[in-house]
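What Swiss-Prot annotates here:
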type     : residues      : note
DISULFID : Cys113-Cys188 : disulfide bond
CARBOHYD : Asn101        : N-linked glycosylation site
TOPO_DOM : 1-40          : topological domain 'Extracellular'
TOPO_DOM : 61-76         : topological domain 'Cytoplasmic'
TOPO_DOM : 97-114        : topological domain 'Extracellular'
TOPO_DOM : 137-160       : topological domain 'Cytoplasmic'
TOPO_DOM : 179-204       : topological domain 'Extracellular'
TOPO_DOM : 225-278       : topological domain 'Cytoplasmic'
TOPO_DOM : 298-303       : topological domain 'Extracellular'
TOPO_DOM : 324-379       : topological domain 'Cytoplasmic'
TRANSMEM : 41-60         : transmembrane segment
TRANSMEM : 77-96         : transmembrane segment
TRANSMEM : 115-136       : transmembrane segment
TRANSMEM : 161-178       : transmembrane segment
TRANSMEM : 205-224       : transmembrane segment
TRANSMEM : 279-297       : transmembrane segment
TRANSMEM : 304-323       : transmembrane segment
Amino acid sequence: MSAGNGTPWGSAVGEEAWAGSGVAVEGSELPTFSTAAKVRVGVTIVLFVSSAGGNLAVLWSVTRPQPSQLRPSPVRTLFAHLAAADLLVTFVVMPLDATWNITVQWLAGDIACRTLMFLKLMAMYSAAFLPVVIGLDRQAAVLNPLGSRSGVRKLLGAAWGLSFLLALPQLFLFHTVHRAGPVPFTQCVTKGSFKARWQETTYNLFTFCCLFLLPLIAMAICYSRIVLSVSSPQTRKGSHAPAGEFALRRSFDNRPRVCLRALRLALLILLTFILCWTPYYLLGLWYWFSPTMLTEVPPSLSHILFLFGLLNAPLDPLLYGAFTFGCRRGHQELSIDSSKEGSGRMLQQEIHALRQQEVQKTVTSRSAGETKGISITSI
């Protein structure tokens, strides 16, 4: 078995580092750089290149100034932060995982062990919390389209703040453990940080809930409320509104095409999050409650599932690129429709003005004839 990470936050490395097939040392076996680990490293490098390029492009696209906007829209701000979270996963989690599988043991020292485990979990938290913020923003945009969007920055600050605070225990749980023998071995583990097995299981379950279960429930609630609101009969009724309200609503009805694309993008991000990480977290749950499964499940399966989870970071910029292309087409169609509508209005106004001129001429000629008749009669 390779040395790598038992879970996305690496808290099960202690057991994995000393178990499995490898080099026998004093009656036990140490991990080796197996063929499965080599494939994992190769795929991780491909994911790193694609994720770094895609998310850097998204970050540049959403942060560059727009001529038509004084400041970035809330949607662009949200996806800028999501790209930053994906880049944190790209530049911390992926290189750490690849390097650790190559070196097998930990060679960077105790301080780097604690710091990198902290940054790794913070990256995972931010990548899980920011889709929740996007879901809350989409919910507010649909349920209260005329409301203020000033709360987006507070939600973003809360997401990053929670990511930092919840990852802090990693600084105290992880440390380096040295093993003497014919083949000296050092590993970055949580071994000895928990007095009992149930304490480590509780910490893992808490991290699992914060990383996966709670964000999933929050996003499911947000999008369920959106679907119920959009499909409700009151939302479909627009003809019974007063004229002024109808005109205001019509001005917003041109925007929902873009809002709908943003909603679809957010839903796709939720689906990719579920599809990419659910299998691996289920495997982690199985391991926490049945540690003996580590010797029953082939190492290649854990490698595949973890790589499938890392696929989430490269997919986000592809989804955003499709969203941006759709928005540009939508804006072009909207501008064409607006120009056609404006031309039609101008034509109607000209016809109405000509008709008024004809009516005025007719009235003037009639009044002139009546005046002439009266003057002749009087003579």
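For all residues, glycine too, the Cβ spot is worked out from N, Cα and C.
When other Cβ atoms within 10 Å of the Cβ of Cys188 (disulfide bond) are tallied across all protein chains shown, the result is 28. Within the model, the topological domain 'Extracellular' (298-303) carries an average pLDDT of 80. Annotation for Cys113 (disulfide bond): spatial neighbours Trp106, Phe174, His175, Thr176, Cys188, criterion Cβ-Cβ under 8 Å with sequence separation of six or more. The list of residues near the transmembrane segment (41-60) in space but at least 6 beyond its ends in sequence, with Cβ under 8 angstroms from a Cβ of it, reads 79-80, 83-84, 86-87, 89-91, 94-95, 97-98, 101-102, 307, 310-311, 313-314, 316-318, 320-321. Distant neighbours of the topological domain 'Extracellular' (97-114): 2-5, 17, 30-33, 37, 40-41, 44-45, 48, 170-172, 174-176, 185-188, 306, 310; these residues of the same chain sit at least 6 beyond its ends, with a Cβ under 8 Å from one of its Cβ atoms. Scored on C-beta pairs under 8 angstroms, the neighbour of the transmembrane segment (304-323) with the top count among 77-96, 161-178, 279-297 is 77-96. Summarising the environment of Asn101 (N-linked glycosylation site), the number of other Cβ atoms within 10 Å of its Cβ, over all protein chains shown, is 22.
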